[in-house]
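J.: Pasting a structure below so you can have a look.
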Amino acid sequence: MTKITVVGAGSWGTALAMVLADNGHDVRIWGNRSELMDEMNTKHENSRYLPGITLPSTIVAYSSLEEALVDVNTVLLVVPTKAYRDVLQEMKEIVTEPITWIHASKGIEPGTSKRISEVIEEEIPENLIKDVVVLSGPSHAEEVGLRQATTVTSAAKRMEAAEEVQDLFMNSYFRVYTNPDIVGVELGGALKNIIALAAGITDGLGLGDNAKAALMTRGLTEIARLGRKMGGNPLTFAGLTGMGDLIVTCTSVHSRNWRAGNMLGKGHSLEEVLESMGMVVEGVRTTKAAHELAEKMEVEMPITAALYDVLFNGNNVKDAVGSLMGRVRKHEVEAIPDLL
């Protein structure tokens, strides 16, 4: 039995805590809302982020990070990307032994454009790190909470570490594959949020299935193009953390990025969208980070650039569609050398 603390009591952190508890592990979860932690301990529900789901009674919730981390050998980080450094800086003052650091957040750090595993390795002293592992894939928290069949990927530089995390989570409804490509797995999970925002805009504008299919396909090309430039394996983007996550995030009403894009497509301002969502929309920050990376690394990402102009330069969504459709004609196969 592994002693594991889930850091972050949002919908995804709560759902993953359920998986771990179902597997018989000693599971604690930390959140900064004391009233929510009290509810999880007494009513076994997270009514704010995962309403209507009864949590295993063995999950113990803490509002004190120090108490939550006593004697643990594994932590699972599921917090917004912008909060990582603050949380990690607090954790490194508490942890005293090398432990496994798993993260299940899909985003790129604002300001630095770093992957989350890079942030962990920068902030946590080497003597406190046993392994850093990424857990990612097509996985809505609402469905995992209902114990519906879900498949994800565990990625680490050391394959034994990825397999250990695979064993932690795997059960009859939660299947886990392994992948040594930590760069590709992280980037696929983060960058698909950009395309999900654009897919929501497409649906909000009522552009139809043809346009959405083209957007998703060309969007995957952009993801793989940047991913390869950053050291990812192109084949990773055809797997669960690339195409798989892209499909589920671009087509489901559970996707907050799709919902945000849908509102933008229907004429709402970004400020109105973010205020109404009530939860983090990682795709907004990731669009900015990816656009900056693309310019720095000289990678062509026209969909990302068009969305960046909508979100941060006030461009009209219909004009953005027109600019993409009016680009210089090209051979589709021109993308292939970037992928192989």
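Placed from the backbone N, Cα and C atoms, the Cβ positions cover glycine too.
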J.: Of the residues Lys192, Lys212, Lys296, Lys318, only one is listed by Swiss-Prot in the sn-glycerol 3-phosphate site with Lys106, Gly137, Ser139, Asp245, Ser255, Arg256, Asn257. Which is it?
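T.: Sn-glycerol 3-phosphate site check in Swiss-Prot: besides Lys106, Gly137, Ser139, Asp245, Ser255, Arg256, Asn257, the record includes Lys192 out of Lys192, Lys212, Lys296, Lys318.
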J.: To see if you understand the setup: which same-chain residues, six or more apart in sequence, place their Cβ under 8 Å from that of Arg256 (NADPH binding site)?
T.: Met277, Met279, Val280, Val281
J.: Which ones are near Lys192 (active site, proton acceptor): of the binding-site residues Ser11, Trp12, Lys106, Ala141, Asp245, Ser255, which have a Cα within 10 Å?
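T.: Correct set: Lys106, Asp245.
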J.: For Arg33 (NADPH binding site), write down the residues of its own chain that are at least 6 apart in sequence and whose Cβ falls under 8 Å from its Cβ; none is a fine answer.
T.: Ala9, Arg48, Ser63
J.: Sorry to bug you, but what's the C-alpha spacing from Lys106 (NADPH binding site) to Asn257 (sn-glycerol 3-phosphate binding site), rounded to the closest Å?
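T.: Given the Cα positions, Asn257 (sn-glycerol 3-phosphate binding site) is 12 Å from Lys106 (NADPH binding site).
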J.: As a test of the contact definition, list every same-chain residue at least 6 positions from Glu282 (NADPH binding site) whose Cβ is closer than 8 Å to its Cβ.
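T.: Non-local contacts for Glu282 (NADPH binding site): Pro80, Thr81, Ser105, Lys106, Gly107, Ala190, Asn193, Asn257.
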